[in-house]
Amino acid sequence: MASSPGAPRAPAVQAPPPPEARTSERGSVSAGRGRVDSRAGHLSFCTKVCYGIGGIPNQVASSATAFYLQLFLLDVAQIPAAQVSLVLFGGKVSGAAADPVAGFFINRSRRTGSGRLMPWVLGCTPFITTAYFLLWFLPPFTSLRGLWYTTFYSLFQALATFFQVPYAALTMLLTPCPKERDSATAYRMTMEMAGTLMGAAVHGLIVSGAHGPHRCEDATLPGPVAVSPDATRLYSIASAVVAVTYPVCSSLLCLGVKERPGSSVPASGPGPSFLAGLVLTVRHPPYLKLVISFLFISAAIQVEQSYLVLFCTHASRLHDHVQGVVLTILVSAVLSTPLWEWVLQRFGKKTSAFGICVMVPFAILLAAVPTAPVAYVVAFVSGMSISVSLLLPWSMLPDVVDDFQLQHQHGPGLETIFYSSYVFFSKLSGAGALGISTLSLEFAGYEAGACKQAEQVVVTLKVLIGAVPTCMILTGLCILMVSPTPKVPSQNSSRRLSLQRRTSYTLA
């Protein structure tokens, strides 16, 4: 992309291209994909929409796994709760471990005709599609099912990381304007919430017949109920429908978004190594407190999502309302995202963070009074809190990156390390929270595939959707409120930082 007329130019390190080439380049950028206004850094509507579409498939798959994977493993695959804990923990740890690895390889990759980040998104697509489908497949053997699901859930999480990290880092390479980056983030979050809604809705509607009350009508003895062939077929159909979103959406992302080109020659010499850059990022106080605060908040959201369906199925008489409650949460989250974006712009990002704690009293109310009207009210309010909890970190992270660049003028931009390490810590916290909480079901006596669970299991499920998320959210908000506010650069400073990134975006 041609630089702004008033922006400072990088030091000349090579002969400039002929005027015809510069004219051709400007023309191709203005007529091609990812068009950015050269004077104001304004992103076109088409670019924002296509960028948002790229985030849909991971959210569709994540939504289906967040709400239904535990239920599938316990009641369809019928593996013990202790093994389910290992499946969830191993998968999350695999995804978390893949984040720094992804950051390392992406920063060392060379720019191609489609950019540096886009090839990673496209290259992961066929493999993650296959891994997701096999995650929901019921193998004919029973003794090694735990190993089967651990393998493919770990593979899916790792591939999803190699898909998500470069996609998320594209935010910093779309435009130098902070407001336009926030706007693109809002488009992305809206599309991702729509993907979350689609994933839970489509997957839930398809597999609803596998968990109806008729499943237990013929059960004369206590204990696990035989798995119906229809249940395995319905889950296979649902997984195929969700998996196809990966090739479709990644193709639209590639067609509608173009990375801003950068020079292959660093302007200020070689940058730090990956490990040195990682040390620099985690020692930056605003980034460290942002990560710690949302470590608790994201873990709370994951616990709430994972156990809501189990709570409605085994700890209350809301079996017939599972799909309605899940859809209410997601519809509320999607519709409230533009509202939270306005609140964020009007009152500030820290003020908007108080919207996360709105769900706290309602989650406790649902555990105490598990009735249908209360469940739908709680679902609506929880959706609003989930929306702002997802929007805030990705809106605050670019400001933290800019604050870091203002204090460290000597090196290149470390955007990929910031993004990959944030996702790493977020997934690691989710791995611990889900692993420990699922293990608590084993200690409470959860019986896989059984129609009726013990009273200790019911109490445990109430604690997991009430007290546990409440404590985590309040802890995270307290840390976020005392953290320093990162400095947002002016337009000229932002352009200067953008130029620095464009001319030195590689790590040695």
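A Cβ is built for glycine as well, from the same backbone N, Cα and C atoms used for every other residue.
TrEMBL labels come from automatic prediction, so no person has curated them.
Noted in TrEMBL for the protein shown:
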type	residues	note
COMPBIAS	1-13	compositional bias 'Low complexity'
REGION	1-35	region 'Disordered'
TRANSMEM	117-138	transmembrane segment
TRANSMEM	150-174	transmembrane segment
TRANSMEM	290-310	transmembrane segment
TRANSMEM	322-340	transmembrane segment
TRANSMEM	352-369	transmembrane segment
TRANSMEM	417-439	transmembrane segment
TRANSMEM	459-482	transmembrane segment
REGION	487-508	region 'Disordered'
COMPBIAS	490-502	compositional bias 'Low complexity'
Segment proximity, the transmembrane segment (459-482) to the transmembrane segment (150-174), 3 or more C-beta pairs under 8 Å: no
Contact set, same chain, for the transmembrane segment (352-369): CB under 8 Å, 6 or more residues outside the stretch: 297, 304, 340, 343-344, 375, 377-378, 381-382, 384-386, 388-389, 392, 462-463, 465-467, 469-470, 473-474, 476-477, 480-481
Chain residues in Cβ proximity to the transmembrane segment (417-439) (below 8 Å; excluding those fewer than six residues from its ends, i.e. six or more beyond): 70, 81-82, 84-86, 88-89, 91-93, 95-97, 99-100, 102-103, 106-107, 157, 161, 164-165, 168-169, 274, 277-278, 281-282, 287, 290-291, 294-296, 298-300, 302-303, 306-307, 393, 397, 400-401, 404, 464, 468, 472, 507
Distant-in-sequence neighbours of the transmembrane segment (290-310), which means Cβ under 8 A and at least six residues beyond its ends: 66-68, 70-71, 74, 88, 282, 322, 325-326, 329, 356, 359, 363, 382, 386, 389-390, 392-393, 396-397, 400, 421-422, 425-426, 428-430, 432-434, 437, 461, 464-465, 468-470, 472-473, 475-477, 479-480, 483
